[in-house]
């Protein structure tokens, strides 16, 4: 019992941090439709912010299109790691895990939307109803996709020199999107989480190249279409880019070209 005149002291957040007790995530309002971070108390919202960033880090370094089991494993890791970094102990439940794994499609969609504005400028696609322009766009799509020409700084179809494509993985669009997506300012994930992004991750680069290819595919009919960037459609394309990067690394190991490229993408971010 409490002496008269004395009030119960509410346990503060710092008590929760210090005593090592695991507590439940408290909602301040019932979820309407899909659950969201705003349904939870502020301290839990903070955990979500960090956990989402960490989960995206796993997607960028370990697998951009994971299966369900990997998603759940990384979501649990991300939540526990976020709690540790924030020195708090809040238990996850099925709903929390689902809210983290749903970041996957959101993240891939974000990469695609960051790529989209650059594709027409970088490669010279034009919007027009003129048949000659439409035909040129169709031809351009074919040229860019032939032998993955779009990843080079200079492509054979531009110069027609015997050397072929030049400047593998030096297409300017790559650094532009890396900067827009991960290094916009000092609060961006590329800056805050060097454990994932320094050097820039190979898996993240493969995802970015896949998104660029998806952006080129949108012009394959000659006019920009709304082609979806889905796992079903692009898992195979992502795997091809991962294999190409592994081959590039294997063939240039002595010069260390891939590690240099990944370091430069981070350092110029």
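From the backbone N, Cα and C atoms, a Cβ is placed for every residue, glycine too.
The annotation compositional bias 'Basic residues' is assigned in TrEMBL to 1-10. Sequence annotations record features per position, and here TrEMBL assigns compositional bias 'Basic and acidic residues' to 27-39. The domain 'DUF6532' feature in TrEMBL is assigned to 51-248. Look at TrEMBL and you will find 1-39 tagged as region 'Disordered'.
With a threshold of 8 Å between CB atoms, the same-chain residues lying at least 6 positions outside the compositional bias 'Basic and acidic residues' (27-39) that come near it are 45, 48-49, 95, 98-99. Residues in the compositional bias 'Basic and acidic residues' (27-39) partition by DSSP class (helix H, G, I; strand E, B; coil) as 3 helix, 1 strand, 9 coil.
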